[in-house]
Amino acid sequence: MNGPERVLALCRFLHEGSALLLWGASAYLAVLVPPKLGREIGRRLMSIWIVGALIAITTTVALLPTEAAVIGDGWRDAFRPAIIDGVLFDTNVGTAWIAAMGAAVLLGLTTIRTSPVRLSATAASSGLLVGTLTLTGHAAMHEGWLGLAHRLNATLHVLAAGAWLGALLPLVLLLKILDEPAWQAEANSALRRFSTAGHAAVALVIATGMLNTALILGRWPTTWSSTYQAMLALKIALVAVITALAIRNRYGLVPMLRNRHPQALDAIRRNTIVILGLGLAAIGCVSIFGMLEPA
């Protein structure tokens, strides 16, 4: 990778990571957590909301000149009007950027405005931003009905992945709130709902991921001399470890909570933080191999 390509990969990682986490966290709090507790957790996470929104908006803006530098002749073309105009109006990249910029503006407005429906509005705007991730790249490699099916599948994949991974952010705080008597009943309800929804989200991530691989590569990524296949295989391995840890949490450690096991809650918290880190690593893989030719 040259300089602009490395910066583009970093921008993609920050952009995709912030959008996915904001979407999952806000959707979980808005839909599955009892309203009063959801607002309380949202208040405690406000600094994270603001930082995440700033990263999402800043990287959205930065993606256009960086794409221009990659498509053109390096950084000298990053702000050249003719190159910017060509990227913006003559490519799928430009169409996706316009859509992402609109979603980013909505995200900014929902972040700065205090409203009873802030969580729902943040979930909607960040969900739209996540949806724009599939307007370019490998999801756009087919045309006609197959192309539409591929994009819909890719959209389901990123929405499900973000919904589950992003929900882990408030979940870490929720596990701490379990120690607060005033919130215990609502926190337990939110945890049960996360468990139920989490099963569906993980199953959807795996199913749509397998279909994506079939549509893009047509086989399992076993040729590791190919950078694309090696990075895809690493992502699959990370997802396998994440799934194993999630199963360990749900079926190994959660039952221990019912027996008042003193170390079970700490173990669940640690595993959840590790899963978050591995999830970010998987997003990092996608930000790189999403720029490569699938071969």
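The backbone N, Cα and C atoms fix where each Cβ goes, and this holds for glycine too.
Keep in mind that what you see is a predicted model, and the values were worked out from it rather than measured.
Annotated in TrEMBL:
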{"type": "DOMAIN", "residues": "190-288", "note": "domain 'Copper resistance protein D'"}
{"type": "TRANSMEM", "residues": "12-33", "note": "transmembrane segment"}
{"type": "TRANSMEM", "residues": "45-64", "note": "transmembrane segment"}
{"type": "TRANSMEM", "residues": "94-112", "note": "transmembrane segment"}
{"type": "TRANSMEM", "residues": "119-142", "note": "transmembrane segment"}
{"type": "TRANSMEM", "residues": "154-175", "note": "transmembrane segment"}
{"type": "TRANSMEM", "residues": "196-218", "note": "transmembrane segment"}
{"type": "TRANSMEM", "residues": "230-251", "note": "transmembrane segment"}
{"type": "TRANSMEM", "residues": "272-292", "note": "transmembrane segment"}
Quick tally over 45-64, 94-112, 119-142, 154-175, 230-251 of CB pairs under 8 Å to the transmembrane segment (272-292) gives the top stretch as 230-251
In this predicted model, the domain 'Copper resistance protein D' (190-288) has a mean pLDDT of 92
Comparing 12-33, 94-112, 119-142, 196-218 for Cβ pairs under 8 Å with the transmembrane segment (154-175), the winner is 12-33
Same-chain residues at least 6 beyond the ends of the transmembrane segment (12-33) with CB under 8 Å of its CB atoms are 41-42, 45, 48-49, 52-53, 55-56, 59-60, 63, 107, 119-120, 122-123, 126-127, 129-130, 133, 158-159, 161-171, 174, 186, 190, 193-194, 197, 280, 283-284, 286-287, 290-291
